[in-house]
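Asks: Have a look at the structure that comes next, please.
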Amino acid sequence: MLEFWFFIEVVLNGMFAGTMYSLIALGFVLIFKASGVFNFAQGFMVLFAALCFVGFLEMGVPLILALVIAAAIMVAWAFAVERFVLRHLVNQEPIILFMATIGIAFFLEGFGELLWGADVHPLDIGIPDGAWFVGPDGVMMVQQFDVAAAVIAGGLVAVLALFFTYTRIGRALRAVADDHQAALSVGIPLNQIWIIVWAVAGLVALVAGIIWGSRLGVQFSLSILALKALPVLILGGFTSVPGAIVGGLIIGVGEKVAEIYLGPYIGGGIEEWFAYVVAMLFLLYRPQGLFGDKIIERV
Amino acid sequence: MFYREAGIYKTSYAADQALFRIPLDRIFVISVVLFAALVIPVIGNEYWLGSILIPTLIMAIATIGLNILLGYCGQLSLGTGAFMAAGAFLGYKIATAFPWMPIWAVVILGGLSAALIGVAFGLPSLRIKGFYLAVTTLAAQFFLLWLFQKVPWFVNYSIAGVPTAPPREMFGYLVTGAEATVEARYLFILAFTVVLALIAANLVRGRIGRTWMAIRDMDIAAELIGIKPLPTKLSAFAVSSFYCGVAGVLWSFCYINTVEATAFDIFRSFSVLFMVIIGGLGSILGCFLGAFFIFLLPIFLNSAPGWVGLEVPTELISHLEFMVFGALIVFFLIVEPHGLARLWAITKEKLRLWPFPY
C-alpha cells in the first residue's frame, strides 16, 4: 500500500513539474501559431522577465508595481523585436527566422546581465512553502508550492483560452494562425498581431519566470530549462495550446516515473534525455504531435 | 576586368565539368592552400596557430558536415555536438585498442563510427520533418553525451573520467596530444581540412549531391521523379556525421588534448549552426567564411576596446560581447540572409565589370 501511495506521489510531482514545462511551452506555441517563428529566445525571455522583476523588487519597488513595470518592459520588448527584427525578415525562410531568434536570445542574455548582473537572485513573493500530508498516516507529501504553481499555470491557460476565443484580438490571432494571406486580405494588420503575440508571449514568460525563479532562484540556468519545453512542444504539437498542457503533463510524469523506477537500473541522470527520446518515439507514430495540425503535403 | 569568364574556351567535357572552371579561381584556391601550408606555419606564432587557426579549421570541417545535411539536404539537425563527441570517444577507443594503427586511419575510423551513429539517429527523418526533426536530433545530443559520461568503458575506465589524448606520430612527427608542436598539429589538421573540403565540393556537384538538393527543395516531388528518400536522407546523415566525427576526433586529439563530453555540449551544436547560416547555406566556401567569422568575432569584440584605448571591466565586456554578437547576427540575417558566401558571389560579379560600369 505504501508503494502505491509513493507511486501517486511521484506521478503528482511529475504533473506539477509538467505544468511548469507547459508554462514555458505555451510561450513557444503562441509565437509559432501566429507567425510561424520557432522562437528560440523564449527561454531567455523567461530569464530576462524574471531578472527585471526581481531587480525592481530588490530596489525596493512594491510587488504589484514591480510586476507592472516588468510586464511593461516585456511589452516594450515585443515592440522592439517587431520594429527592428521581424519587420525586416518578412517572407524569409523559417530557418532564417529561427536563426534570428537565436541572435535575439544572445542579445537578451547579454542585455539582462548587463542591467542586473549575473548573480543568482533569490525570489520570494510569498507563495506558501510548506507541505501537506495526505493519505493514511500522512504517507504522501504534497508541496504547497507545487499546488500554487499549478493553480497559477492553470489560471493563466484559462485566461489565454478565453482571450483567444472571445475577444476581437483573439479572433484576429486565430485567423492569422490559420492563414496569413487570408487574414491580411480581410484587413487584419499582421504587424500589430505580431506585436501582440510577442507581448503575450513575454507576459507568459514573466509568469513562468516568476514561478520558476521563486523555486530555483533567478539565474542563467532558467534559460536552459526552456530546452526542456521542446519535447513538450513536439509531443503536444507546435500549434496547439491544449497540446502544450497535455504534453507538459505527459513529459513531467514520464520523466519522474522513469527517473525513479528506471533510473537505478541504467544509471541516474536519465531525466536529461528521457523526454526527448519519448517525444522522438512518439513522433514516429504521429509526426505532427498529439494535437498538431495535420500535415498535408502537396507537390 | 581582372576577373572574367570571357575568353576562356573549354574544348573538352572534362574542362567544362572541372571543379574550378575559371583559371583565376583555380590559381586563387591553390595559392591560398599553398600559403596556408607553407607560409603560415613559418610566420604564425603559438597563439595564432594553436588558439585560432587550429580550432577554426576543425570547426570548418564540422560546419561542412552540418552544411551537407542542412544546406544541401534540408534536414535541420541540432545534434552536431553529439556526433562530434561520438567521433572523439570512438576514435579514442580505436586509438587505444589498436596502438599500432596509423593516426590518419584512427581519425577516419572515428569519423566512420560517428557516421554509423548518425544514420541511426537519422532514421526518424524519414517520417519527421522540419522543426520536429530538429527537436528529435536533440535526443541524440542529450542521449549520446549522457551515454559517454555514464559508461566508463568509453574512457577505458579512467578514474578522472577525462583521459588525455594519446600521442601519435605521423612521418616521424608527433601530431596529437599535448607534446606535439603546434606546427605539426596545424599541418595535420590542414591536410584533413583540404582533402575533406575537396571531397565535399565534388560530392555536392555529383549525382548524390543533386539527389540531396532535390530532396531539400521538395521531398515529395523528388520522390515522384524517382529519387528514393531512404538512401538519400540517410546518406546525407552518414556523410554529415562522418565530417562531424572527424572534426570531433581532431578537436579532442589535436586541440583540447583531452577526451571529454563537456566540449561537445549543446552550445557547440549551436555554434556550428551559426557558422553554417552566417557562412551561407549550401556553400562549401561559406563554411570556411562562417567558421572564421563566428570564431574570430568574439575574440575581436573582446580586444577591440583595448585597441582604441578604452578601459572596460572584463565583466562588462563579456555582457556587451553577447549583446553585440546577437545584434550582429540579426543584422547579418537582415542584410544578407544568404550568408557571407553570397556576399562573395556579389563581389565576384562586381569584379567582373570593375572598373567599368557596364
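Glycine residues also receive a Cβ, built from the backbone N, Cα and C atoms like all the rest.
No curator has checked TrEMBL annotations; they are predicted automatically.
So TrEMBL lists the following for this protein:
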TRANSMEM  A:6-30  transmembrane segment
TRANSMEM  A:37-57  transmembrane segment
TRANSMEM  A:63-86  transmembrane segment
TRANSMEM  A:95-116  transmembrane segment
TRANSMEM  A:147-166  transmembrane segment
TRANSMEM  A:193-212  transmembrane segment
TRANSMEM  A:232-253  transmembrane segment
TRANSMEM  A:265-285  transmembrane segment
Asks: Where else in the chain does the transmembrane segment (A:147-166) make close Cβ contacts, counting only residues six or more beyond its ends and a cut-off under 8 Å?
Replies: 15-16, 19-20, 22-23, 26, 30, 127-128, 132, 173-174, 200, 204, 207, 211, 215, 241, 245
Asks: State the non-local partners of the transmembrane segment (A:6-30) in its own chain: residues 6+ outside its ends, Cβ under 8 Å from one of its Cβ atoms.
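Replies: Sequence-distant neighbours of the transmembrane segment (A:6-30): 38-39, 42-43, 45-46, 135, 139-143, 146-147, 149-150, 153-154, 156-157, 160, 197, 200-201, 204-205, 207-208, 211-212, 225-226, 228-230, 232-233, 236, 238-241, 243-245, 247-257, 260.
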Asks: Considering only Cβ pairs under 8 Å, which range in A:63-86, A:95-116, A:193-212, A:232-253 makes the most contacts with the transmembrane segment (A:37-57)?
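Replies: So the stretch in question is A:95-116.
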Asks: Would you mind listing the long-range same-chain contacts of the transmembrane segment (A:95-116), meaning Cβ under 8 Å and 6+ residues beyond its ends?
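Replies: Same-chain residues near the transmembrane segment (A:95-116) but 6 or more away: 35-41, 43-45, 47-48, 51-52, 54-55, 81, 85-86, 89, 220, 223.
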